[in-house]
Amino acid sequence: MQVRMILAAAVAMGIGAQAQAWEPEGTVEFVVPYSAGGGSDVNARMLAETWRANDIVDANVVVLNKPGGSGAVGNTYAFSKTGNPNTLMTFIAGQMMSTISNDAAVKLENVTPLATLSVDTLVLVTRSADDFADFDALVAAASAEPNSITIGGVSRGSEDHLVFTMLSDSLDAELQYVPFDGGGDALSALLGGHVDAAIFNPSEIGQQVAAGRAHPLGAFSEERLSEPFDSTATFAELGYPGVAISLFRGYAGPPEMPAEAVAYWEEKLKAAYDTEMWQQDYIQDKGLVARFMGAEESAEFYAAEAEKYERLLKAAGFID
Amino acid sequence: METLLALQSGFATSLSLGNLGAALTGAALGIVVGAIPGLGSVTGIALLLPLTFGMDPTTAVILLAALYYGCMFGGAYSAILLNIPGDAPAVMTALDGYPMAKRGEGGKALFSANIASFIGGTTGIVALSFMGPLLAEIGLMFGPPETAALILLALCSIGWMLGDNIAKGLMATMLGILLAVVGIGSTFGHARFTLGSMHLLNGVSFIPLVIGMFGFCQLLEMMTDRPKPGEGPKQIPLRAAIPSRRETLRLLPVSLRSGLIGTLVGILPGAGATTGAFLSYMVQRKIGRNGAEMGKGAVEGVAASEAGNNGAAAGSFAPLLSLGIPGSGTSAVLLGGLMMWGLQPGPLLFATRPDFVWGLVSSMYIGTVMAVIAAMLIIPFLMQILRIPISVLIPVIGTVCVFGAYSVNGSMFDVWLMLGFGVAAYYLKAADFPIAPLILAFVLTPRLESSIRRSFDISNGDPWIFVSSPISVTLVSVICALILMSVVGAGVSWMRKRAAQ
């Protein structure tokens, strides 16, 4: 085993000298473990378009949707391409979280992180300021009658359930979590007044906030978000330090991806990140926070996040 | 008046050469995609979406919307001709369409299906253009308890599907429920009955189930009981297949009513065209004049199902355009498309991009007319399928079944699943177990389960939530009345029997 690793390292170093020379040949498969039109799909297609329009990558990049099993089908597909330098995959926080909660066969150890280009977060919103002016009003109502305040989310064991658990653990009052099958159902339940509040990605709810159909109570981010959430306090500001989540949007390759390919894709991802097109059409328009992490930094960050999710999911009684 | 002006400016957009071409291309593609089993509107739009990346958003959405309702036309073809529903909303079409084809009325069923599709779709589009935002607000009034009551109402009608042997009918229903609970349960997020297989995490896919239980089972039956020479599909000249004016008029009330029901179902969160077709069919069965004939080859059954799913397809655009909420799987993909084209779907879309919204709505009128003309022109060719000898038809159906099951997720697992369900359905039918209630239970129970669980989550376990709003009170009363009526009816006939003795 050790001999093999040393050999692999030696080979990698040997080729490392000509790393810049490596270029993908033929078609590059860009795997999206979710269906077309979803967040990861839009992300991958935007990236491929940014590469093409700015002449960053010459190879033909084909986006391939492999939905199913909360990302497990796509993860497994990428895993089956072990060692292939021409296979990329979108890799996001929720996808990694589901490998932990479902105890999937392909986990973080089985992919090669390449880079992270942005982070997303979550916000807590209610229907209007008339229902609850701020988060304290919601807490007061919850204290008056336990479990009377309902918070909509996507599903148990998902990112929003995790922040819900973090939040309700730091309160004296009891809140009630109501899982909907997807963001769309949760949104109509909120707008129809069937739940008191709900948790969304800023980009999912931004248009409703701008139209005055939803009222943000707090942001699960480390720092203040941009418009229309610029006046929304973070939970740390509200007196709940540590109640925050950074949902990374990154990219990974199959296991044992050659080092020169990793270096190549890391560089190309950075180049896309630096374009005006990416910053404007993706980051700005989709309400995300731009953040670049290289291959090594991403690997460390994902490992730390995976550990955190495992701890939180255990605390929530979701896994044992 | 304001709406008419907006529509007028919309027509100015949609009548441009490029947009007309987009509507025609989309409608034609949709008919083909809908007719191929396994390729439904969700897959079709997902496949085409990446190609629209650099397009003008209005042209792109006109293309994809036309594909969506084109699918609803095409879905009826394989349902009627081969007993394989081309997509999920066409399941109810097969129930009456295929018996009609067997009787030699396949051509008539095809024409009726498309006429009904056109009327139902147009009803939905008119409702969308004049009451879109209002409809979306009505949809919001349906929370978890109201949705649960609505689905329960639909399930009530399972009674007449059970067949002669009630115990066997109920067992088939239970089997459908059992199959539906496989996968990650939405309430607790735990995997149920997945046998450790990653492919079952998302549950049993609907398409392999339907193709197996309808199409592949059909094939097995064809192989085991071959018709004697001289029997088999009768050949009908085209002229006899075109419905007469009287027959077309007979379709009108059914299609209008079903189109309206479909539209209303389409606006509800997460309901979609399949539920729209189901509910329209059921209402028709309850109040239609020859309700008892339905399921055995009544043209009203075909019309109700087809008008219902076209209405729902149009209706699901109301929450998408006016609130940015996807009402069905297909509109969820479209929502991603809107974002990809750089639009901001949400309540402000009508105000910020009226050219886009009204261009789309007006294109739907044109696209539906194009779709119905294209569909009618295809039918004479499709009718040739009825002349294909059974020895050729069997391998063709087999290929279609395998291809259809594979194309849903591009996985062989679904093919094995389809074959397994086909064999199972063959033995179930041989033992007099009805298949329709199984499918119905499979479609409706996941939604029923999650709605009931959510209601209890919201009310903290208090069952009174199911009668806490005017809508839910009405729905629950109707359910009670339906059950009471059948109990009283059974009691009266029992008394009469006793008195007669």
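Note: Cβ is positioned from N, Cα and C throughout, glycine not excepted.
TrEMBL annotations: computationally assigned, not manually curated.
Per TrEMBL, domain 'DUF112' is recorded for B:20-440.
Per TrEMBL, transmembrane segment is recorded for B:28-49 (among others).
Within its own chain, the transmembrane segment (B:61-82) is flanked in space by residues 14, 19, 22-37, 40-41, 44-45, 48-49, 52, 55, 89-91, 93-94, 97-98, 100-101, 106, 109-110, 113-114, 117, 121, 215, 218, 273, 302, 306, 309-310, 313-314, 317, 330, 334, 337-338, 341, 356, 359-360, 363-364, 367-368, 370-372, 374-375, 378, 382, 385-386, 397, 400, which lie at least six positions past its ends and keep a Cβ under 8 Å from the stretch. Residues or ranges marked as transmembrane segment in TrEMBL: B:61-82 (among others).
Under the heading transmembrane segment, TrEMBL lists B:109-135 (among others). Within its own chain, the transmembrane segment (B:109-135) is flanked in space by residues 3, 7, 69, 72-73, 76-77, 80-81, 93, 96-97, 100-101, 241-243, 247-248, 251-252, 254-256, 258-260, 262-264, 266-267, 299, 302-304, 306-315, 317-319, 321-322, 350, 361-362, 364-365, 368-369, 371-372, 375-376, 379, 382-383, which lie at least six positions past its ends and keep a Cβ under 8 Å from the stretch.
According to TrEMBL, the feature transmembrane segment maps to B:147-163 (among others).
A Cβ distance under 8 Å defines the sequence-distant neighbours of the transmembrane segment (B:169-188), meaning residues of its chain 6+ beyond its ends; these are 158, 161-163, 194, 200-204, 209, 428, 433-435, 437-443, 445-446, 449-450, 453-454, 457. The annotation transmembrane segment is assigned in TrEMBL to B:169-188 (among others).
Annotation comment: TrEMBL describes B:200-221 (among others) as transmembrane segment.
Residues or ranges marked as transmembrane segment by TrEMBL: B:260-283 (among others). For the transmembrane segment (B:260-283), the list of distant contacts is 41, 72, 88-93, 95, 120, 123-124, 127-128, 135-136, 138-139, 142, 147, 150, 154, 157, 294, 301, 304-316, 318-319, 325, 327-330, 440, 443-444, 447: same-chain residues at least six beyond its ends, Cβ to Cβ under 8 Å.
Through the fold, the transmembrane segment (B:320-343) approaches residues 41-42, 45-46, 49, 52-53, 55, 57, 60-61, 64-65, 68, 132-133, 136, 139-140, 266-273, 312-313, 349-350, 353, 356-357, 360-361 of its own chain, all at least 6 residues removed from its boundaries and within a Cβ separation under 8 Å. Residues or ranges marked as transmembrane segment by TrEMBL: B:320-343 (among others).
The annotation transmembrane segment is assigned in TrEMBL to B:363-383 (among others).
Here TrEMBL flags B:390-409 (among others) as transmembrane segment. Beyond its flanks by at least six residues, the transmembrane segment (B:390-409) meets 36-39, 43, 78, 82, 84, 205, 207-208, 211-212, 215-216, 218-219, 222-223, 226-227, 232, 415, 417-418, 422 of its own chain at Cβ-Cβ distances under 8 Å.
Sequence annotations record features per position, and here TrEMBL assigns transmembrane segment to B:415-444 (among others).
Through the fold, the transmembrane segment (B:464-488) approaches residues 141-143, 145-146, 148-150, 152-153, 156, 159, 455-456, 458 of its own chain, all at least 6 residues removed from its boundaries and within a Cβ separation under 8 Å. Positions annotated as transmembrane segment by TrEMBL: B:464-488 (among others).
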Considering the transmembrane segment (B:415-444), which listed stretch of B:28-49, B:200-221, B:363-383 counts the most C-beta pairs under 8 Å: B:200-221
Beyond the flanks of the transmembrane segment (B:28-49) by at least 6 residues, Cβ under 8 Å: 63-64, 66-78, 84-88, 90, 207, 211, 215, 273, 313, 329-330, 333-334, 336-337, 340, 370-371, 374-375, 378, 400-401, 403-408
Distal contacts, the transmembrane segment (B:363-383) - CB-CB under 8 A, six or more residues away: 10, 13-15, 19-20, 22-24, 26-28, 30-31, 62, 65-66, 69-70, 73-74, 77, 81, 106-107, 110-111, 114-115, 117-118, 121-122, 125, 128, 236, 238, 241, 314, 317
